[in-house]
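In what follows, a structure is listed as structure tokens, so that the remarks can point back to it.
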């Protein structure tokens with residue numbers, strides 16, 4: 001809940017939707033980068049086993 | 001010690017549970033919000049907060065799903081827009097019903113009972129599918145002849161106004177409103193995204209071809225998820241901290257679960273997924289029984305059944321990924337992405 005900001009309820013609700021949207025996009029992009037970095041590392045480890 | 005207003009144990013639980021839910025539903029191609037709301041109910045969150053947070057979690061996972069399938073195949077935008085409106089009306093009605101039930105003090109009970117039936121039903125469907133696989137009947141293709149008689153009957157209604165579909169067919173606005181409104185009502189009432197009923201409703205009742213039904217369901221679901229989050233957010237019934245922690249785990253888990261489909265046979269774990277759903281249903285039933293008896297003695301057993309069974313099945317998938325990676329090594333060939 002976004003409680004600390006004294007904004008009207010519809011604005012707070014819109015802000016909430018925006019925060020979740022931005023967070024989802026950031027998580028998708030962030031884990032995408034992580035996957036690109038991690039995949040070659042995992043391949044290298046399994047190749048050398 | 002508290003971080004973001006939550007104990008460290010709860011914080012770890014939400015991230016790891018989100019991760020496991022992500023693995024499971026990335027693997028089985030579902031949203032997973034229907035495990036979030038009952039878990040929050042078991043953790044003594046008010047029904048409206050559990051439902052609102054479940055819908056917000058669904059919205060977050062929908063955004064990720066749409067980004068993953070940014071070319072979401074065929075989308076009937078006109079149908080999607082109408083569905084968004086009727087879904088939103090259904091969600092609004094469902095949320096008002098929840099607040100009304102909360103005022104009567106029975107929202108938790110009604111939601112709990114709805115989840116007992118829902119999870120047991122999904123579990124039974126998966127167990128039925130598993131038993132068919134055991135019988136060697138692995139026919140999964142769907143064609144028009146598979147549409148049940150009642151679906152064909154509903155599709156045949158031509159009550160005006162009729163809407164032209166992108167696929168070339170026509171559907172009555174009343175059919176679209178009835179199907180979409182009912183799905184929205186269920187979403188708003190128990191806090192699920194409803195993809196598992198929305199997509200079949202679009203395909204079986206409205207008569208959209210399967211490829212367009214998937215894309216249109218995703219399109220309408222994204223916007224109705226946003227509307228559900230907004231509706232519950234208006235009354236402060238979304239716990240952003242909980243939703244964020246669940247999404248952090250789920251976004252990573254969904255990637256791994258989705259990738260696991262190339263190395264783990266769905267047929268090998270589908271029966272465990274069905275059992276998991278039945279155990280989750282039993283967990284909620286036990287919790288409701290404990291509430292009715294006025295004792296908290298069964299709470300731990302309920303959480304163990306719901307959360308523990310999810311952890312067990314997700315761990316099974318992860319274990320199979322690790323062992324198959326070790327066995328196949330670099331020769332493993334990923335399947336082409338079906339883009340569903």
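FYI, residue positions are counted from 1 along the chain as it appears here.
Placement of Cβ uses the backbone N, Cα and C atoms for every residue, glycine included.
The following features are taken from TrEMBL:
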type     : residues  : note
TRANSMEM : B:7-28    : transmembrane segment
TRANSMEM : B:48-67   : transmembrane segment
TRANSMEM : B:79-99   : transmembrane segment
TRANSMEM : B:105-127 : transmembrane segment
TRANSMEM : B:171-196 : transmembrane segment
TRANSMEM : B:202-226 : transmembrane segment
TRANSMEM : B:238-257 : transmembrane segment
TRANSMEM : B:269-293 : transmembrane segment
TRANSMEM : B:300-322 : transmembrane segment
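Take the transmembrane segment (B:269-293) and the stretches B:48-67, B:79-99, B:105-127, B:171-196: counting Cβ pairs under 8 Å, B:105-127 has the most.
Just going by CB pairs under 8 A, the stretch in B:48-67, B:171-196, B:202-226, B:238-257 that sits most against the transmembrane segment (B:79-99) is B:171-196. If you count C-beta pairs under 8 angstroms between the transmembrane segment (B:300-322) and each of B:7-28, B:48-67, B:105-127, B:171-196, B:238-257, the highest count goes to B:7-28.
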